[in-house]
Amino acid sequence: MANVVVVGAQWGDEGKGKIVDWLSERADVIARFQGGHNAGHTLVIDGKVYKLSLLPSGIVRPGKLSVIGNGVVLDPWHLVQEIAKLRADGVEISPQSLMIAENAVLILPLHGELDRARESQNSVAKIGTTGRGIGPAYEDKVGRRAIRVADLADEATLALRVDRLMVHHDALRRGLGIEPVDREALLAQLREIAPQVLPYAKPVWKVMNEMRKAGKRILFEGAQGALLDIDFGTYPYVTSSNVIAGQAATGTGIGPGAIGFVLGIVKAYTTRVGEGPFPAELQDADGERLGERGREFGTVTGRKRRCGWFDAVLVRQTCATSGVSGIALTKLDVLDGFETLKICVGYELDGERLDHLPIAADQQARCTPIFEELEGWSESTAGARSWADLPGAAVKYVRRIEELIQCPVALLSTSPERDDTILVTDPFED
(Lines of atoms letter the chains of each structure in order from A and count residues from 1; the text may use other names and numbers.)
(Lines give C-alpha, C1' and ligand atoms only; values in the text may rest on other atoms or scores of the structure.)
Protein backbone atom coordinates (compact mmCIF):
# COMPACT_ATOMS: atom_id res chain seq x y z
CA MET A 1 0.00 0.00 0.00
CA ALA A 2 1.48 3.33 -1.10
CA ASN A 3 0.95 6.82 0.29
CA VAL A 4 0.25 9.23 -2.56
CA VAL A 5 1.38 12.80 -3.24
CA VAL A 6 -0.74 14.81 -5.67
CA VAL A 7 1.01 17.78 -7.29
CA GLY A 8 0.11 20.10 -10.11
CA ALA A 9 2.58 19.68 -12.97
CA GLN A 10 1.86 22.98 -14.74
CA TRP A 11 0.98 26.47 -13.44
CA GLY A 12 -1.86 25.28 -11.23
CA ASP A 13 -5.58 24.99 -12.05
CA GLU A 14 -5.00 21.50 -13.48
CA GLY A 15 -8.02 19.91 -11.82
CA LYS A 16 -6.36 18.64 -8.65
CA GLY A 17 -9.52 19.06 -6.56
CA LYS A 18 -11.51 16.47 -8.50
CA ILE A 19 -8.62 13.98 -8.54
CA VAL A 20 -7.90 14.41 -4.84
CA ASP A 21 -11.58 13.91 -4.05
CA TRP A 22 -11.65 10.84 -6.28
CA LEU A 23 -8.66 9.39 -4.40
CA SER A 24 -9.70 10.59 -0.94
CA GLU A 25 -12.58 8.13 -0.82
CA ARG A 26 -9.97 5.41 -0.17
CA ALA A 27 -7.56 7.49 1.90
CA ASP A 28 -7.69 7.75 5.69
CA VAL A 29 -5.79 11.05 5.91
CA ILE A 30 -5.72 13.96 3.44
CA ALA A 31 -2.97 16.49 4.16
CA ARG A 32 -2.12 19.86 2.66
CA PHE A 33 1.59 20.65 2.84
CA GLN A 34 2.20 24.10 1.31
CA GLY A 35 0.60 27.33 0.15
CA GLY A 36 -2.21 29.32 1.69
CA HIS A 37 -5.72 30.33 0.71
CA ASN A 38 -4.52 31.75 -2.60
CA ALA A 39 -5.16 28.60 -4.64
CA GLY A 40 -8.75 27.46 -4.96
CA HIS A 41 -10.15 24.10 -5.96
CA THR A 42 -13.64 23.14 -7.00
CA LEU A 43 -15.28 19.82 -6.12
CA VAL A 44 -18.47 18.47 -7.68
CA ILE A 45 -20.04 15.72 -5.53
CA ASP A 46 -23.48 14.34 -6.34
CA GLY A 47 -24.17 17.47 -8.35
CA LYS A 48 -23.26 19.79 -5.48
CA VAL A 49 -20.40 22.26 -5.97
CA TYR A 50 -17.92 23.00 -3.17
CA LYS A 51 -15.29 25.71 -3.57
CA LEU A 52 -12.34 25.44 -1.20
CA SER A 53 -9.14 27.46 -0.96
CA LEU A 54 -7.54 26.47 2.37
CA LEU A 55 -9.13 23.30 3.72
CA PRO A 56 -8.06 19.94 2.24
CA SER A 57 -10.43 18.38 -0.29
CA GLY A 58 -11.10 15.46 2.06
CA ILE A 59 -12.98 17.73 4.46
CA VAL A 60 -16.24 17.12 2.60
CA ARG A 61 -15.98 13.33 3.15
CA PRO A 62 -17.17 11.91 6.49
CA GLY A 63 -14.78 9.69 8.41
CA LYS A 64 -11.61 11.22 6.98
CA LEU A 65 -8.93 13.18 8.82
CA SER A 66 -8.02 16.42 7.05
CA VAL A 67 -4.65 17.92 7.92
CA ILE A 68 -3.19 21.39 7.40
CA GLY A 69 0.56 20.87 7.71
CA ASN A 70 3.36 23.12 8.91
CA GLY A 71 4.26 23.99 5.31
CA VAL A 72 0.98 25.89 4.94
CA VAL A 73 0.60 29.56 5.90
CA LEU A 74 -2.74 29.94 7.64
CA ASP A 75 -5.09 32.91 7.60
CA PRO A 76 -7.12 32.16 10.77
CA TRP A 77 -9.98 34.48 9.82
CA HIS A 78 -10.32 32.87 6.42
CA LEU A 79 -10.17 29.44 8.08
CA VAL A 80 -13.12 30.28 10.31
CA GLN A 81 -15.10 31.67 7.36
CA GLU A 82 -14.43 28.61 5.21
CA ILE A 83 -15.43 26.26 8.03
CA ALA A 84 -18.65 28.23 8.59
CA LYS A 85 -19.50 28.16 4.88
CA LEU A 86 -19.02 24.39 4.67
CA ARG A 87 -21.05 23.82 7.82
CA ALA A 88 -23.85 25.83 6.23
CA ASP A 89 -23.65 23.40 3.30
CA GLY A 90 -24.12 20.49 5.69
CA VAL A 91 -20.47 19.44 6.11
CA GLU A 92 -19.57 18.37 9.65
CA ILE A 93 -16.22 19.76 10.84
CA SER A 94 -14.70 19.13 14.27
CA PRO A 95 -11.26 18.58 15.85
CA GLN A 96 -11.81 14.89 15.06
CA SER A 97 -11.99 15.60 11.32
CA LEU A 98 -9.61 18.57 11.02
CA MET A 99 -6.11 18.97 12.42
CA ILE A 100 -3.79 21.98 12.06
CA ALA A 101 -0.05 21.90 12.70
CA GLU A 102 0.91 23.79 15.86
CA ASN A 103 3.95 25.16 14.03
CA ALA A 104 2.04 26.48 11.00
CA VAL A 105 2.67 30.19 10.40
CA LEU A 106 -0.23 32.65 10.58
CA ILE A 107 -1.15 35.13 7.87
CA LEU A 108 -2.11 38.42 9.54
CA PRO A 109 -3.98 41.44 8.14
CA LEU A 110 -0.65 43.29 7.91
CA HIS A 111 0.63 40.67 5.47
CA GLY A 112 -2.20 41.31 3.03
CA GLU A 113 -1.76 45.06 3.38
CA LEU A 114 1.94 44.75 2.59
CA ASP A 115 1.29 42.40 -0.33
CA ARG A 116 -1.20 44.76 -1.97
CA ALA A 117 0.84 47.90 -1.33
CA ARG A 118 3.92 46.40 -2.94
CA GLU A 119 2.03 45.14 -5.97
CA SER A 120 0.26 48.47 -6.54
CA GLN A 121 3.52 50.43 -6.32
CA ASN A 122 5.63 48.02 -8.37
CA SER A 123 5.24 49.50 -11.83
CA VAL A 124 8.44 47.89 -13.14
CA ALA A 125 7.59 44.18 -12.84
CA LYS A 126 4.34 43.08 -11.26
CA ILE A 127 4.41 39.49 -10.01
CA GLY A 128 0.64 39.04 -10.21
CA THR A 129 0.02 37.99 -6.61
CA THR A 130 -3.48 37.42 -5.24
CA GLY A 131 -2.79 40.10 -2.61
CA ARG A 132 -3.72 37.76 0.24
CA GLY A 133 -0.48 38.02 2.19
CA ILE A 134 0.98 34.60 1.40
CA GLY A 135 4.39 35.89 0.27
CA PRO A 136 4.95 38.28 3.20
CA ALA A 137 3.91 35.53 5.66
CA TYR A 138 6.54 33.18 4.22
CA GLU A 139 9.08 36.03 4.42
CA ASP A 140 8.39 36.35 8.14
CA LYS A 141 8.70 32.59 8.57
CA VAL A 142 12.15 32.53 6.98
CA GLY A 143 13.06 35.73 8.85
CA ARG A 144 12.23 33.97 12.16
CA ARG A 145 9.74 36.60 13.26
CA ALA A 146 6.45 34.90 12.34
CA ILE A 147 3.55 34.18 14.69
CA ARG A 148 2.67 30.49 14.68
CA VAL A 149 -0.53 28.70 15.69
CA ALA A 150 0.93 27.58 19.04
CA ASP A 151 1.71 31.21 19.96
CA LEU A 152 -2.03 31.91 20.19
CA ALA A 153 -2.19 29.84 23.38
CA ASP A 154 -0.01 32.19 25.47
CA GLU A 155 -0.72 35.93 25.67
CA ALA A 156 2.76 36.89 26.90
CA THR A 157 4.43 35.03 24.03
CA LEU A 158 1.94 36.49 21.58
CA ALA A 159 2.71 40.05 22.70
CA LEU A 160 6.45 39.46 22.30
CA ARG A 161 5.95 38.02 18.82
CA VAL A 162 3.81 41.00 17.76
CA ASP A 163 6.42 43.46 19.05
CA ARG A 164 9.18 41.69 17.13
CA LEU A 165 7.03 41.68 14.01
CA MET A 166 6.25 45.39 14.28
CA VAL A 167 9.92 46.40 14.26
CA HIS A 168 10.23 44.92 10.80
CA HIS A 169 6.82 45.77 9.35
CA ASP A 170 6.59 49.35 10.56
CA ALA A 171 9.88 50.10 8.78
CA LEU A 172 8.52 48.60 5.56
CA ARG A 173 5.22 50.42 5.92
CA ARG A 174 6.95 53.79 6.33
CA GLY A 175 8.76 53.21 3.05
CA LEU A 176 5.48 52.35 1.32
CA GLY A 177 3.54 55.21 2.88
CA ILE A 178 1.28 53.00 5.03
CA GLU A 179 0.25 53.80 8.60
CA PRO A 180 2.12 51.85 11.34
CA VAL A 181 0.63 48.62 12.67
CA ASP A 182 -1.97 49.19 15.40
CA ARG A 183 -0.46 46.91 18.06
CA GLU A 184 -3.43 46.77 20.40
CA ALA A 185 -5.93 46.21 17.61
CA LEU A 186 -3.85 43.34 16.21
CA LEU A 187 -3.49 41.72 19.63
CA ALA A 188 -7.24 42.05 20.20
CA GLN A 189 -7.96 40.40 16.85
CA LEU A 190 -5.61 37.52 17.67
CA ARG A 191 -7.08 37.01 21.15
CA GLU A 192 -10.56 36.91 19.64
CA ILE A 193 -9.72 34.37 16.93
CA ALA A 194 -7.53 32.11 19.10
CA PRO A 195 -10.34 30.05 20.71
CA GLN A 196 -11.73 29.27 17.25
CA VAL A 197 -8.39 27.93 15.96
CA LEU A 198 -6.64 26.30 18.93
CA PRO A 199 -9.02 23.31 19.28
CA TYR A 200 -7.70 22.07 15.91
CA ALA A 201 -3.99 22.54 16.79
CA LYS A 202 -1.98 19.32 17.12
CA PRO A 203 1.60 18.03 16.66
CA VAL A 204 0.93 17.04 13.06
CA TRP A 205 4.32 15.39 12.56
CA LYS A 206 3.61 13.03 15.48
CA VAL A 207 0.07 12.13 14.46
CA MET A 208 1.06 11.62 10.82
CA ASN A 209 3.90 9.27 11.75
CA GLU A 210 1.60 7.32 14.06
CA MET A 211 -0.94 7.04 11.25
CA ARG A 212 1.74 5.77 8.90
CA LYS A 213 2.92 3.12 11.39
CA ALA A 214 -0.69 2.02 11.84
CA GLY A 215 -0.94 1.36 8.10
CA LYS A 216 -3.31 4.22 7.32
CA ARG A 217 -3.46 5.50 3.76
CA ILE A 218 -2.22 9.08 3.46
CA LEU A 219 -2.97 11.40 0.57
CA PHE A 220 -0.82 14.54 0.34
CA GLU A 221 -2.61 17.36 -1.46
CA GLY A 222 -0.52 20.01 -3.18
CA ALA A 223 -1.80 23.44 -4.15
CA GLN A 224 -0.88 25.46 -7.26
CA GLY A 225 1.60 23.85 -9.67
CA ALA A 226 5.26 22.92 -10.02
CA LEU A 227 5.92 25.77 -12.47
CA LEU A 228 5.11 28.15 -9.60
CA ASP A 229 7.68 26.50 -7.31
CA ILE A 230 9.94 29.08 -5.62
CA ASP A 231 13.06 27.23 -6.84
CA PHE A 232 12.04 25.43 -10.04
CA GLY A 233 9.28 27.69 -11.33
CA THR A 234 9.38 30.69 -13.68
CA TYR A 235 11.05 32.91 -11.06
CA PRO A 236 10.22 35.62 -10.01
CA TYR A 237 6.69 34.94 -11.32
CA VAL A 238 6.17 32.16 -8.80
CA THR A 239 4.58 31.49 -5.44
CA SER A 240 6.52 31.82 -2.18
CA SER A 241 6.77 28.13 -1.27
CA ASN A 242 8.12 24.90 -2.68
CA VAL A 243 5.34 23.21 -4.61
CA ILE A 244 7.10 20.09 -5.91
CA ALA A 245 6.48 16.67 -4.35
CA GLY A 246 9.48 16.72 -2.01
CA GLN A 247 7.71 19.43 -0.01
CA ALA A 248 5.06 16.90 1.07
CA ALA A 249 7.58 15.47 3.54
CA THR A 250 8.94 18.83 4.73
CA GLY A 251 5.49 20.39 4.97
CA THR A 252 4.05 17.69 7.26
CA GLY A 253 7.07 16.28 9.10
CA ILE A 254 6.52 12.70 7.99
CA GLY A 255 9.80 12.08 6.15
CA PRO A 256 10.41 11.29 2.46
CA GLY A 257 10.32 7.53 3.00
CA ALA A 258 6.56 7.77 3.48
CA ILE A 259 5.97 8.77 -0.14
CA GLY A 260 5.12 5.82 -2.36
CA PHE A 261 3.55 7.31 -5.50
CA VAL A 262 3.69 10.82 -6.95
CA LEU A 263 0.71 11.69 -9.14
CA GLY A 264 1.24 14.73 -11.35
CA ILE A 265 -1.96 16.48 -12.44
CA VAL A 266 -1.73 17.71 -16.01
CA LYS A 267 -4.31 19.54 -18.09
CA ALA A 268 -4.63 18.41 -21.74
CA TYR A 269 -3.69 21.98 -22.72
CA THR A 270 -1.93 24.74 -20.75
CA THR A 271 -3.19 27.68 -18.69
CA ARG A 272 -1.60 30.33 -16.54
CA VAL A 273 -2.97 33.09 -14.28
CA GLY A 274 -1.13 36.36 -13.87
CA GLU A 275 2.22 37.55 -15.13
CA GLY A 276 5.24 35.61 -16.38
CA PRO A 277 6.56 33.70 -19.40
CA PHE A 278 4.26 31.29 -21.24
CA PRO A 279 5.96 30.01 -24.43
CA ALA A 280 2.98 28.05 -25.82
CA GLU A 281 0.41 30.80 -25.13
CA LEU A 282 -2.27 31.40 -27.75
CA GLN A 283 -3.51 34.93 -28.32
CA ASP A 284 -5.93 34.04 -31.07
CA ALA A 285 -9.31 32.40 -31.64
CA ASP A 286 -8.00 28.99 -30.55
CA GLY A 287 -6.85 30.46 -27.23
CA GLU A 288 -10.24 32.11 -26.70
CA ARG A 289 -11.98 28.86 -27.55
CA LEU A 290 -9.92 26.91 -25.01
CA GLY A 291 -10.71 29.51 -22.34
CA GLU A 292 -14.44 29.50 -23.05
CA ARG A 293 -14.80 25.73 -23.33
CA GLY A 294 -12.62 25.10 -20.27
CA ARG A 295 -14.27 27.89 -18.24
CA GLU A 296 -10.85 29.20 -17.42
CA PHE A 297 -11.48 31.64 -14.60
CA GLY A 298 -9.78 31.45 -11.20
CA THR A 299 -11.72 29.83 -8.32
CA VAL A 300 -10.38 32.36 -5.79
CA THR A 301 -9.80 35.55 -7.78
CA GLY A 302 -12.09 35.16 -10.79
CA ARG A 303 -9.17 36.22 -12.97
CA LYS A 304 -9.23 35.08 -16.59
CA ARG A 305 -6.58 32.46 -17.29
CA ARG A 306 -4.19 32.68 -20.22
CA CYS A 307 -4.50 29.62 -22.48
CA GLY A 308 -2.21 27.72 -24.82
CA TRP A 309 -1.45 24.35 -26.38
CA PHE A 310 -0.02 21.49 -24.33
CA ASP A 311 3.65 22.11 -23.52
CA ALA A 312 5.44 18.76 -23.31
CA VAL A 313 8.78 20.43 -22.53
CA LEU A 314 7.50 21.99 -19.31
CA VAL A 315 5.60 18.91 -18.16
CA ARG A 316 8.62 16.65 -18.80
CA GLN A 317 10.65 19.06 -16.68
CA THR A 318 8.17 19.10 -13.78
CA CYS A 319 7.77 15.33 -13.88
CA ALA A 320 11.53 15.13 -13.33
CA THR A 321 11.74 17.66 -10.48
CA SER A 322 8.80 16.08 -8.63
CA GLY A 323 9.73 12.48 -9.38
CA VAL A 324 6.29 11.88 -10.88
CA SER A 325 5.31 8.20 -11.04
CA GLY A 326 2.35 8.78 -13.35
CA ILE A 327 0.13 11.65 -14.49
CA ALA A 328 -3.59 12.31 -14.29
CA LEU A 329 -4.56 13.96 -17.57
CA THR A 330 -7.56 16.25 -17.14
CA LYS A 331 -9.96 18.26 -19.31
CA LEU A 332 -9.44 16.14 -22.42
CA ASP A 333 -13.06 16.94 -23.35
CA VAL A 334 -12.19 20.64 -23.81
CA LEU A 335 -10.28 19.64 -26.96
CA ASP A 336 -13.34 18.01 -28.56
CA GLY A 337 -14.10 19.55 -31.96
CA PHE A 338 -10.67 20.97 -32.79
CA GLU A 339 -9.69 19.87 -36.31
CA THR A 340 -6.00 20.19 -35.52
CA LEU A 341 -4.18 20.14 -32.20
CA LYS A 342 -0.64 21.22 -31.42
CA ILE A 343 1.88 20.14 -28.80
CA CYS A 344 4.96 22.17 -27.93
CA VAL A 345 7.93 19.79 -28.32
CA GLY A 346 10.83 22.21 -27.92
CA TYR A 347 11.90 25.86 -27.87
CA GLU A 348 14.04 28.02 -30.07
CA LEU A 349 16.27 30.57 -28.37
CA ASP A 350 18.66 32.76 -30.35
CA GLY A 351 18.74 30.22 -33.18
CA GLU A 352 19.35 27.23 -30.90
CA ARG A 353 16.86 24.43 -30.17
CA LEU A 354 16.29 23.66 -26.47
CA ASP A 355 14.70 20.62 -24.82
CA HIS A 356 14.10 22.42 -21.50
CA LEU A 357 13.07 25.85 -20.22
CA PRO A 358 16.17 27.87 -19.26
CA ILE A 359 16.35 29.25 -15.73
CA ALA A 360 17.12 32.90 -16.59
CA ALA A 361 13.98 35.05 -16.82
CA ASP A 362 15.18 37.02 -19.85
CA GLN A 363 15.86 33.79 -21.75
CA GLN A 364 12.49 32.33 -20.75
CA ALA A 365 10.77 35.40 -22.17
CA ARG A 366 12.60 35.00 -25.50
CA CYS A 367 11.84 31.30 -26.00
CA THR A 368 9.58 30.60 -28.97
CA PRO A 369 7.68 27.30 -29.17
CA ILE A 370 8.33 24.52 -31.66
CA PHE A 371 5.01 22.79 -32.35
CA GLU A 372 4.06 19.36 -33.57
CA GLU A 373 0.62 19.04 -35.18
CA LEU A 374 -1.79 16.20 -34.45
CA GLU A 375 -5.16 15.31 -35.87
CA GLY A 376 -8.11 16.43 -33.75
CA TRP A 377 -11.45 14.68 -33.28
CA SER A 378 -15.08 15.65 -33.73
CA GLU A 379 -16.61 13.06 -31.38
CA SER A 380 -17.26 13.81 -27.70
CA THR A 381 -14.93 12.48 -25.02
CA ALA A 382 -17.01 13.98 -22.20
CA GLY A 383 -17.96 11.40 -19.61
CA ALA A 384 -15.82 8.61 -21.08
CA ARG A 385 -15.00 5.91 -18.53
CA SER A 386 -12.95 3.49 -20.64
CA TRP A 387 -10.42 3.68 -23.47
CA ALA A 388 -13.05 2.14 -25.75
CA ASP A 389 -15.21 5.24 -25.22
CA LEU A 390 -12.52 7.52 -26.68
CA PRO A 391 -12.08 8.44 -30.36
CA GLY A 392 -8.96 6.96 -31.96
CA ALA A 393 -7.42 10.41 -32.46
CA ALA A 394 -7.88 11.20 -28.75
CA VAL A 395 -6.08 7.99 -27.78
CA LYS A 396 -3.22 8.90 -30.15
CA TYR A 397 -3.03 12.36 -28.56
CA VAL A 398 -2.75 10.86 -25.06
CA ARG A 399 -0.13 8.32 -26.17
CA ARG A 400 1.95 11.04 -27.83
CA ILE A 401 1.90 13.05 -24.60
CA GLU A 402 3.18 10.01 -22.69
CA GLU A 403 6.06 9.62 -25.15
CA LEU A 404 7.04 13.27 -25.03
CA ILE A 405 6.93 13.73 -21.24
CA GLN A 406 8.51 10.31 -20.60
CA CYS A 407 5.89 9.46 -18.01
CA PRO A 408 2.81 7.20 -18.18
CA VAL A 409 -0.82 8.25 -17.78
CA ALA A 410 -2.21 6.78 -14.56
CA LEU A 411 -5.63 8.46 -14.72
CA LEU A 412 -7.64 10.19 -17.40
CA SER A 413 -10.37 12.68 -16.45
CA THR A 414 -13.13 13.44 -18.95
CA SER A 415 -15.45 15.78 -17.02
CA PRO A 416 -15.69 17.60 -13.66
CA GLU A 417 -17.77 14.69 -12.28
CA ARG A 418 -15.57 12.52 -10.08
CA ASP A 419 -16.68 9.20 -11.62
CA ASP A 420 -15.93 10.27 -15.20
CA THR A 421 -12.41 8.91 -14.86
CA ILE A 422 -10.44 6.22 -16.67
CA LEU A 423 -8.13 4.39 -14.25
CA VAL A 424 -4.95 2.93 -15.74
CA THR A 425 -2.78 2.57 -12.63
CA ASP A 426 -4.06 2.69 -9.05
CA PRO A 427 -1.73 5.11 -7.19
CA PHE A 428 -2.54 3.49 -3.84
CA GLU A 429 -1.32 0.06 -4.92
CA ASP A 430 2.35 -0.77 -4.27
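Every residue, even glycine, has its Cβ placed from backbone N, Cα and C.
Taken verbatim from Swiss-Prot:
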- Asp13: active site, proton acceptor (ACT_SITE)
- His41: active site, proton donor (ACT_SITE)
- 12-18, 40-42, Arg305, 331-333, 413-415: GTP binding site (BINDING)
- Asp13, Glu14, Gly15, Lys16, Asn38, Ala39, Gly40, His41, Thr130, Arg144, Gln224, Thr239, Arg303: IMP binding site (BINDING)
- Asp13, Gly40: Mg(2+) binding site (BINDING)
- Thr299, Val300, Thr301, Gly302, Arg303, Lys304, Arg305: substrate binding site (BINDING)
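Here Leu332 (GTP binding site) is positioned 18 angstrom away from the residue listed as 'active site, proton donor', judged by their C-alpha atoms.
Nearest in space to Arg305 (substrate binding site), taking C-alpha to C-alpha distance over the recorded positions Asp13, Gly15, Gly40, Thr42, Thr130, is Asp13. The highest number of surrounding Cβ atoms within 10 Å, among the binding-site residues Gly12, Gly302, is found at Gly12. Secondary structure at Leu332 (GTP binding site), as computed by DSSP, is helix. Of all the binding-site residues listed (Asn38, Thr42, Thr130, Thr414), Thr42 has the fewest other CB atoms within 10 A of its CB. According to DSSP, Lys18 (GTP binding site) sits within a helical segment. Mapped onto three states, the DSSP output places Arg305 (substrate binding site) in coil.
Between the binding-site residues Lys18, Arg303, the minimum number of other C-beta atoms within 10 Å of a residue's C-beta occurs at Arg303.
Calculated from their C-alpha atoms, the gap between Gly15 (GTP binding site) and Asn38 (IMP binding site) amounts to 15 Å. Between the binding-site residues Lys304, Arg305, the minimum number of other C-beta atoms within 10 Å of a residue's C-beta occurs at Lys304. Secondary structure from DSSP puts Gly40 (IMP binding site) in coil. Across the fold, the C-alpha of Leu332 (GTP binding site) and the C-alpha of Gln224 (IMP binding site) stand 20 Å from each other.
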